[in-house]
Amino acid sequence: MALLELYTEFNRVWIPDAEHVWKSAEIVRDFQSGDKVLELLLEDGTKHHHPLDPSTPRLPPLRNPDILVGENDLTALSYLHEPAVLHNLRVRFVESRIIYTYCGIILVAVNPYKQLPIYGDAIIHAYSGQNMGDMDPHIFAVAEEAYKQMARNHKNQSIIVSGESGAGKTVSARYAMRYFAIVSKSGSNTRVEDKVLASNPVTEAIGNAKTTRNDNSSRFGKYTEISFDRRYRIIGANMRTYLLEKSRVVFQADNERNYHIFYQMCSCAQLPEFKSLRLLSADNFRYTSIGGDITIEGVDDKKDMEETRRTFSLLGLKEDFQSDVFKVLAAILHLGNVEIKDSGKDKSSVSLSDPHLAVCCELLAVSVEGLVRWLCHRRIVLVAETVVKPVTKERAVNARDALAKHIYALLFDCIINRINTALQVPGKQHAFIGVLDIYGFETFDINSFEQFCINYANEKLQQQFNLHVFKLEQEEYMKEDIPWTLIDFYDNQPVIDLIEAKMGILDLLDEECLFPQGTDQTWLMKLYSYMDTNPLFEKPRLSNEAFVIQHFADKVEYQCRGFLEKNRDTLYEELVDIMRASEFPFLALFFNEEEKSSANSKVKVRPARPGLKPANKQLRASVGDKFSSSLSLLMETLNATTPHYVRCIKPNDEKLPFEYDSRRVVQQLRACGVLETIRVSAQSYPSRWTYIEFYSRYSILMSHQESDLRDKKQTCKDVLQRLIQDPNQYKFGRTKIFFRAGQVAYLEKLRLDRLRGASVTIQKHVRGWKQRRKYLRMREAAIILQQYIRGKRTIRKMVSAATLKRGWATMVIQRHWRGYRTRQIYQLVRLASVTIQAFTRGWMARKRYKKMIEENKALVIQKYARAWLARRRFQTMRRLVMNVQLSFRVQKLRKKIEDQNKESRGLMERLTSLASTHAQTVDRLQGVEAQLEKSTSQKASVVAREKKEKEDATQTIAQLRQEINVITLEKKKLNQKFEASNKEAKENFDVIKGSLLDEKETEARLRKIAENNIEIQRQDHEKEVEALKEEIKRLKEERVTLHRKVEEEGQVSSDLQEQVLQLTKLVKTIPELRRDLNNLQNQRNNMDRKMKQHSEQARAKMTEITRQLLGGVVEEEVLLGLTPNDSEKIYEVEDLLAAFEGLQKATRILETHQREQKEGYETKLEGLQLKVDHLQNENSKLQNLFQEKSNVNENIRQEVSRLSSENSVLPELKLQVSELQRQKQELELNAKELNRELAEKTEEITNILQAKINEESSQRRHFEEKAEVLEEVKRQLQSQVEDLEEENDHLRRQQLMESEAKSKLREETSQLTAVNMDFEEQLDQRDRLIKKLQNQIKSFESSQKVKQSSAPALPKEYLGMLEYKREDEPKLIQNIILDLKPKGVVVNMIPGLPAYIVFMCVRFADYLNDEAKLKSLMNAIICSVKKVIMDYPKDFELLSFWLSNTYQLLNCLKQYSGEEEFMKQNTDRQKKNCLQNFDLSEHRQILSDLAIHIYHQFITVMEKSITPGIVPGMLEHESLQGISSMKPTGVRKRSNSIYEDSETYSISSIIQQLSVFHSTMNQHGMEQGLIKQAVKQLFYQVGATTLNNIMLRKDMCSCRKGMQIRCNISYLEEWLKEKELQSSNAIDTLRPLSQAAWLLQVNKSTDDDAKEITDKCTELNPVQIVKILNSYTPIDDFEKRVSSSFVRKVQSLVHDRDGSTQMMLDTDYRFQVTFPFCPSPQALELLQVPNSLHLGFLTRI
């Protein structure tokens, strides 16, 4: 269809307007060929006649349909022209508050002059990995496209950011660099990305300044190359700068400022580090006060200075370098204040006393006289001589300013070089992305050399842009197999030739600069003469000091004044030499480096007349030539990369937020090439639709035959050929359809007409149906009225006297019948009421009776409870009385000791005579000792073997029986040897008797010494007892003073903590005690060997016997575990029996002593408890003060109990005692048998000797019995005295601590209570250990008997444990954890079976009381599970399997821990299976942490699996077919599956994935609470990801899309109901998404609508609500846009709402996971290990 045919009634056009550039109007009458005017109706209602030329009518441009307004890409518009672009940008910027828009390959960025919440890290991560057309336009999308193309095509990229000053170029470039820094984190520790970002504040401080258009205008061009390695991580950066505006250092226009760094330094002048610079306020320096405005509103220069110094340090530029930089900058400020005076006769002078001159020279370390001389003089080198000539004031001022500019330029270059050095990291660059932040096209009232260079650079960039656009357009046509036709586009090469070609403007400028007498005017005259014929160069009509160039954007008039001076950049050589000779190394260095670089420079100047040579060195390279060379290098770099364009637009000159000045915007659009791109696109086929888009949008225009075709591509061709007859208006490509301008609008018109016709048809039928329904109702009402009226008439005709009488009789009958029925009903109700009352009263009586019974029972319970309390008080008093009795008995025992000591003296005398007699027997049995020593050693070896064999319960009994048989044989041999030895003893008896008499006197002396020692010890014990009594009395007195120490109770908690530390230290000494125990055992063995060696010496034997009689033997036998079968006592049968009897007595004494000690401990505990109760009663008034400290004390008590439970010294000692008892019993049996045999064989020998020593032996036995009694009493007293000594030491330590802490009594009470509790727990633990060992022995013996008996085996009763050996532990871990896979055999097992198997092994280690084995197993379990998780971090099934088993193992450890809170639901059998010996609370905590780690990894894997389908399934897929209709997307086509025939993801895909997750978790037996938490987290991920995409995709904000979202949410809710997961609250996480979908559907026009939105959108914050309203996009013309006033109304209502201000939801947020305790009903004793697990080495017990 021709474009002219679209100018019909009701269509709208754009007409020029002086104020708004373009304004809209509606066509009133169809345009006919030959019309001279076009009748229009303006938006204000006025009519307008637009004049036309009938011969060649230039019709106004058509306006796009409203459906296309506000598109993300301007190329998606049907009509591509300037007013369409301008209007689309205005709608997006003003109404939708969207600042970014695509225009083909260009990103147009409009400066909002306001901070927007669209640059956070969440936004960056949302754009990361997305295709450029998938999300709304954004600078991050351009950066991601550049990063992706670099990684995909392995080609360098460039982002070209241009625009006017104040358009936001620097900010856009900064955000692009920030995007690269975040998405490509470097792997090194150098943090290069942070340094790259840190370079921005430094370069802005030294290169940016305030101008009339921008508060932070970049006064230089910057190209930053960000380098990447092969893994595309940042490894460094490099920065190149262009055309620094040096003139700003010495001059600024009105309301402008110098560079920021100067004002930042002046604001910090008072800081100590800046004192030496002698800075003043900025308004006191000439260079910073020329513009008149030294501050910027909203900017704190002092804070900016802190940021600048911080970034200096971050870049590695140390304090010394910063100090040098600040010195140079301060010297420049002082140099500007140096006053130059006019001395007359073309002379000038500077006062040597000028303070600023002195400071400047001091800072620069140069000569004052030399600087003053060469500021006011100039050296002229002639052929024969050198002349020094004074200069005028004006030239001296210029020289001063030129020096300041030159120093600043060199300083700028130095800082940039140092930054580049800091940004270089070792490593090879694989690729780079360049970010070009360069000035845009500029035109001012007065344009000078700087604007000329800027516009020259923009001409080069525009040429590169045009070629790139042309190339992309050609590639697009070739890719789609569309015939390529040459497009006429603007080529600005003539303008570039005008500037840079030979004899061009720059060439003539450089040539003129070579002449010493050259001026701006002479150069301008040359331009007029040489460029007169060039159409792009013009001479102003009213000026002879300017010239005009026709640039691609506009005509610009340049003032020639200052061109030569700025191009020369003149600086006298003498001033440069002074700077080079400076004693300031930093300054001299970069002046010398400049000399070297200029000498080595490859820049060549092409003068017009090559014969002339410059007079000075500084004129060899002009500024224009340098800029042209650097610009050429930049263009080569850009041409070697893939460019990406960002055009920044300044919406208004007043810097007002979201204000749109159409005239300023259109001026910039023309200048930045956006309209040129539109023009190139509009010349060919600007509108391009894929076949799927066309089919979806215009299927309504298809006939039934066309829609039935399966080939959608052919269908589109057929429809298009039928609708548009001219084939030149469209072209069919391989994947797209290309349309001429206006054809899409025509199709939209046809579609709208079809929809409007369908709407009219629907309205017709609906209105007809409503009218028919109304008619039928009226007809039915009329019929009813007729019936009533006719009935009334009939009744009147039928009324008579008989009829009335019958009527009256009928009423009477009815009355009586109704009365009868009413009475019947009443009686029935009455009967029911009585029955109910009877039952109710009975129930109430029973209830009262039951209550009376309960009260009676309560009285009985109270009676017994009070009786129990009375008994408890009685027992407490009884324990107190027992303590008193104990003290009384101690006194009696002391008296008894004194009496017994007197008796012991007489007994010792008799002992001496008995020892002499016994010595004679020793002589006779000397020959037998050798044989007895062998038997003793053999017995010792048997005992050692028995101890080792008893460690292994399964082998001990068999080995013991073998050893018994061996001992029996050896015993027979010993009997034979003993008979022979007795014979030899008789012969040697007489000889030994004589020698023993000589030693008798020595033994008497030893006896006296022993008696004296005993007496001394007794006296010492009595003194200590008296001291203890005095101490107890003193403690009672101090108790009275407790009330005075209330203020000092604050230190109790700290003291208690010190006690915990002491107890911890005591626990650490347990291994030392164990080592001491081993040492004692070794000493015991050594003593055995020594006793064997000394058996030949009679004197040593008698000494040993004497020591034993004095009580030393009993203690050594008990403490060291020795048996009393010492060889020195086996001389006669009676001696052997006495030795065994002594062992029995010693054992009984030890047991009696332990029992008494236990009772003493209990008595002391009760006494101390009574004391504590008494103190608590006395201190009842102080309980409020100690309420906060009670928790601390409770924790300390728990810690003490835990530490004491770990103390295994006493259980080990108890175990040794039990072993000694068993050894004693065995030795008694062996000794009895041996004695019986020895008695039979030695009866003859003993009869002979018995007659001689019968009397002496009887006396000896009587003496030994008394001695044993004395020793027993002595040991008891010694143990009591030792206990008292320990208590005394303990009390002394308590007194010392109390004196230091001033809380003596409280500490003593708490410590004694803790100690006694420890003792009580230790005794209880030892009792339990003894019972356990006895049960083990019984069970072992019973198992042995069962094995040996030949009777049939009884059915086994399993204990729920699995026995394994220590060496099988690695195999167990390997099979049950490392090699176990969820797929395979485990699928058919009981859920959580690995956890049950592992726990049953843990129970076995606890049953053996083997702490090392238990710890080894638990550590191996935890480490192996960690290893599996680390080896397979992405295996969903493995993570689910081990999360379930770890959680089950954690529950088992809790359920069988023995703690009451976890045992409430256990069965009796499960209560018996609880752990007995070890507290695994620490391992539970470690397992809990491991489970949390597995859960988070598990959630991460599920989220990664489901995330790719969330957006296509929730947003893009049409779950309600036919509702959505696609719209054109422009050049930036989307890559999602929404445009493909086969859709990959849908809501069914998400639900299917969720079902897979749910079934896997159920299959692995995961607890329902964990499943609900996981599902809730997944639903949050779905809701957050979907809502974030809505926020970033304007095309998703429509009413129909809201319907799709709510439909999808309903599907998810149905899935929750199906899986019975409603209680997980997962649907609540979708509430923000649901409210967003509702917001898209609800009416958005009236105040009531705004109020409703405010009330219902409670889960959305104000930023999100406003964003959705601004992004709302109608799909059809029947929908309306949201007005700005409505958005402002809603914004005002939700402004005060509290909550987050972030636009995006945090998709990384994790709900706190909890692991609720769920007891398992599984009986451990019924579990069987499958053979497929290869765990045959495990045995069920």
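All positions are counted from 1 along the displayed chain.
Here the Cβ of each residue, glycine as well, is placed from N, Cα and C on the backbone.
Caution: TrEMBL annotation is automatic and unverified by curators.
Bear in mind that the values here come from a model prediction, so they are computed numbers and not experimental data.
What TrEMBL says about this protein:
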type    : residues                                                       : note
DOMAIN  : 8-60                                                           : domain 'Myosin N-terminal SH3-like'
DOMAIN  : 69-752                                                         : domain 'Myosin motor'
BINDING : GLY163, GLU164, SER165, GLY166, ALA167, GLY168, LYS169, THR170 : ATP binding site
REGION  : 631-653                                                        : region 'Actin-binding'
COILED  : 883-910                                                        : coiled coil
COILED  : 943-1097                                                       : coiled coil
COILED  : 1158-1343                                                      : coiled coil
DOMAIN  : 1419-1696                                                      : domain 'Dilute'
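Sparsest Cβ environment among the binding-site residues SER165, THR170 (other Cβ atoms counted within 10 Å): SER165.
Over the coiled coil (943-1097) the predicted model carries a mean pLDDT of 64. Sequence-ordered, the extra residues of this chain that approach the ATP site, with Cβ no more than 8 Å from the Cβ center of GLY163, GLU164, SER165, GLY166, ALA167, GLY168, LYS169, THR170, are ASN111, ASN214, SER217, SER218, GLY440, CYS648, LYS650. Listed in sequence order, VAL161, SER162, GLY163, SER218, ASP437, ILE438, TYR439, GLY440, CYS648 are the same-chain residues six or more apart from LYS169 (ATP binding site) with CB atoms under 8 A from its CB. Packing around GLY166 (ATP binding site) is summarised by its Cβ count: 21 other Cβ atoms lie within 10 angstroms of its Cβ, all protein chains included. The Cβ neighbour count for GLU164 (ATP binding site), using a 10 Å radius over every protein chain in view, is 25.
Secondary structure counts, DSSP: the domain 'Myosin N-terminal SH3-like' (8-60) has 0 helix, 24 strand, 29 coil. Around ALA167 (ATP binding site), the same-chain residues six or more apart in sequence whose CB sits under 8 Å from its CB are ALA109, ASN111, ASN214, GLY440, CYS648, ILE649, LYS650, GLN668, listed in sequence order. All chains included, 25 other C-beta atoms sit within 10 angstroms of the C-beta of GLY168 (ATP binding site). Cβ contacts within 10 Å of GLY163 (ATP binding site), excluding its own Cβ and spanning all protein chains shown: 27.
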